[in-house]
């Protein structure tokens, strides 16, 4: 179990949370692609999956049959490549059977999240992306309480264009403000469908809900990710979508988010701190 005096993420430079008030909007997909994009930009990245009841990230990265090992410093994350530039930790690695449900009450979830934040030996990281479950419940409160001693650099809120999803994400925005969590911006996912034959994008859902919420909440709008069959297939097969389809609209949007809202934000912060 995590030690009461264990230091929280001592060698991690930047921490970003991926949040949404609603399930099924693609938080895990966004978290995975942001981590892969940062890795592709030359950074050393960690991806922490605290969606304890729905740990899908191991499959998305082709790591389903991997397991976590112990070292003197704690748990060793599972790495996607031999150069160890992207490490992953998920409760999915700890299940004896991938079909086993995680039926835990709040205190056990809280203890597990604390252990993830204190007992994983990430080594030196440039960025840690934390993928959260939907809502504003035990897991989110546990993360925020445990990160009080370190700076959490921002939250990326994910929504789909429909009014129902936007309404739930509005509550997530309120949660961020009440807990003092800086909002990096809002990303509108599943915005239109990209035809695999002609690449034309058709808006099968409504359009612009995420951008409208960003304007209303006075936070940056990060962009739109269309429904792309290639992205869906890559997630199911554990393929690196960012490197395999680097000309796609989705890939270019993730690159833009990373360069304009994550890396640039940190350069601005570093510059202001050095003045």
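Cβ coordinates are placed from backbone N, Cα and C, and glycine is handled just like the others.
Note that TrEMBL annotation is computational and uncurated.
According to TrEMBL, the features are:
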{"type": "BINDING", "residues": "21, 22, 23, 24, 25, 26, 27, 28", "note": "ATP binding site"}
{"type": "BINDING", "residues": "195, 198", "note": "[4Fe-4S] cluster binding site"}
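Neighbours of the ATP site: apart from 21, 22, 23, 24, 25, 26, 27, 28, residues of the same chain with C-beta atoms within 8 angstroms of the site's C-beta centroid are 20, 134, 158, 160, 165.
The number of other CB atoms found within 10 A of the CB of residue 198 ([4Fe-4S] cluster binding site), across every protein chain shown, is 7. Across the binding-site residues listed here (21, 24), the residue whose Cβ sits among the most other Cβ atoms within 10 Å is 21. Using a 10 Å Cβ-Cβ cutoff, residue 23 (ATP binding site) registers 14 neighbours.
A sphere of 10 angstroms centred on the C-beta of residue 28 (ATP binding site) encloses 24 other C-beta atoms.
The Cβ of residue 195 ([4Fe-4S] cluster binding site) has 11 other Cβ atoms within 10 Å, all protein chains considered.
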